Amino acid sequence: MKFQMKMKSELCRTYKYWLILLVLWLSGVTQRETGVLIVDADCIPPNGCKALAYYRLKQGDDLEKLQGRFQTNNSEVLAYNPQLVDANSIQAGTNIYLPFDCLCLNGELVHRFSYTVTTNDTAEKVVDVTYQKLTTVGAVRSASNSGDLSSIYSGQSLTIPVRCYCGDPNVDPKYGLFSTYVVQADDQLTSLSTNFSVDADVISKFNSDTRNLSPDSIIFIPSKAANGSFPPFSGYVLGTVHWRSNVGIIVGVVVGGIVLAVLLLFALIFGFKHFRRRKLAKEPTMQQSGLLSSSSMAGSKPSRSGSTMLPVPKSVEFTYEELAAATDNFSLAKKIGQGGFASVYYGVIRDQKLAIKKMTLQCTKEFLAELQVLTNVHHTNLVQLIGYCTTNSLFLVYEYIENGTLDHHLRRRKSDDKPPLSWLQRVQICLDSARGLEYIHEHTKPTYIHRDIKSANILLDDNFRAKVADFGLAKLAEEGTGTGIVGTFGYMPPEYALYGEVSPKLDVYAFGVVLFEIISGRVAISSALPSENDQQSPAQNRESRTLTSFFEPVLNDPDGKTLLPKCIDPALNGEYSLDAVWKMAQLARRCTHQSPDMRPTMRFAVVQLMTLASVTQEWDVGYFSRASSQSQPPSGNDQL
């Protein structure tokens with residue numbers, strides 16, 4: 001009877017949960033026009049589109065500078081501007097289209113560009129000159145969460161919102177690409193029609209009032225793609241039923257009823273399975289379903305501690321006595337690492353070197369997460385889990401990685417007798433780490449998000465090949481809003497730090513920060529020192545600065561490549577290919593884009609780094625061949 005009452009209670013909770021979801025889903029279905037049943041969304045289409053900004057080149061502008069300002073690339077710009085035969089010889093006064101992603105943010109179609117203030121900038125200059133009134137000072141103030149922009153300073157980061165438009169199939173489905181255009185003083189509807197090769201009435205029906213065009217106002221003009229034709233509206237597909245009668249409503253109700261029935265059935269099945277899982281998890285026995293694949297550990301015996309953990313395949317359950325003996329009772333001399341909730345010890349069992357992580361009993365969630373991932377995921381660029389123990393504390397036992405963490409090597413002391421990481425080693429470490437992340441993002445079943453990528457969680461073996469470690473915060477790769485913010489500041493993307501939005505692009509952002517670390521040798525967040533001309537004391541003016549903001553001025557500068565060496569780790573002693581470092585910095589910049597939709601996938605990063613590794617190997621051979629041919633013997637750093 002007690003079991004039946006628990007089962008009934010569990011099913012009731014599950015039923016209510018799914019019923020609430022169904023009601024919310026049905027309430028989102030509205031009839032915007034007679035006979036058109038659509039999912040409620042403030043943007044058309046909800047997933048955004050590609051858009052263009054109409055821009056007149058001014059003196060001193062060039063494509064490289066504009067690409068940084070509008071966060072696009074050379075190939076995209078040339079694709080939408082076939083009149084530009086030579087990108088290096090464009091003149092002031094030339095009108096061009098700058099492509100960007102038009103995104104639905106807070107119910108508005110917009111793109112928020114990131115701009116780093118330079119010397120002599122004012123808010124008005126940034127808006128009126130740099131972005132040619134595609135936005136307003138008020139919009140920048142609101143988007144940047146700044147109360148006052150009357151005194152902006154060099155290095156300050158501003159968010160530049162530029163409105164955009166994707167079209168509307170209910171107005172005219174033949175047009176799906178639009179330019180954001182700032183009305184000039186002498187503009188007339190007829191002149192715009194001529195300049196953009198589009199009928200005046202077409203411009204009028206997509207804009208509210210074109211009879212009295214107001215200077216500096218924004219209008220959206222249908223534009224042609226690279227093939228010379230107007231692309232049709234193609235993004236408005238989510239939840240549409242293009243029937244011109246009330247049949248759409250009937251269909252919606254019928255479908256809703258079917259969905260309700262299916263959801264109730266799934267709720268019953270889910271409730272039963274969920275209850276059974278919880279019941280099994282509380283049983284005080286452990287079934288050992290597999291031993292180590294490593295023959296050197298085959299003699300380890302399963303623990304008889306009566307632990308309450310779930311069965312774990314392909315892992316050994318060590319006894320507490322084994323781990324204590326291997327670490328001299330967890331002595332300080334055997335301690336090789338310390339985190340917020342765990343200590344790591346070195347030990348040897350059956351002649352195999354091991355790293356033993358000791359966690360408090362309060363870390364059950366992190367313990368289970370790492371156990372779940374690493375017992376099911378195996379890759380050469382992911383640290384290997386050997387086994388575990390749940391007596392007295394929670395223990396995870398890993399393969400021992402000889403050269404420790406990446407951050408230790410990047411921030412090595414001058415007294416350290418180990419040489420700094422060479423540029424070739426750094427590129428290989430980036431590629432190895434990217435491959436490990438790509439594997440958990442795309443090739444495992446289920447796929448995972450790490451959520452705590454940082455240089456301290458990348459380990460280097462005796463050949464300085466990288467392995468991603470510490471999966472205590474990993475979760476299934478289901479996009480949505482997380483229940484709590486976890487991870488490390490400096491590596492968190494804005495959508496996660498502010499709103500808790502979780503996706504694989506969270507790891508991509510953190511990986512981009514790691515790339516910046518590898519280039520510069522700096523920490524992800526540091527205290528910025530005041531300039532020499534600052535009248536305040538260093539203590540008064542010291543503030544935290546992220547590594548992304550450290551690189552922004554250089555990457556946004558038209559002479560950024562020339563300025564880049566000041567950002568490069570001095571430990572490299574000039575022994576690197578500037579072209580290769582610049583390409584890695586550009587990849588890091590893409591990975592740390594403010595918008596997750598604009599960040600690449602880890603697969604893209606792997607491909608880029610494979611090319612970079614190949615080029616770097618060729619450079620490395622040539623560089624040291626030239627060095628060895630010189631009459632003077634090479635310095636210590638040349639021998640890396």
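Note: Cβ is positioned from N, Cα and C throughout, glycine not excepted.
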### Task
Please work out, from what Swiss-Prot records, which of CYS12, CYS43, CYS164 forms the disulfide with CYS102.
CYS164
### Cross-link partner of CYS104 (disulfide, per Swiss-Prot) out of CYS43, CYS49
CYS43
### Task
For the disulfide involving CYS49, grab the partner from CYS12, CYS166 as Swiss-Prot records it.
CYS166
#### Entry: Average model confidence [pLDDT] within the topological domain 'Cytoplasmic' (270-640)
79
### Message
For the domain 'LysM 1' (53-98), how many residues does DSSP put in helix, in strand and in coil?
### Response
18 helix, 8 strand, 20 coil
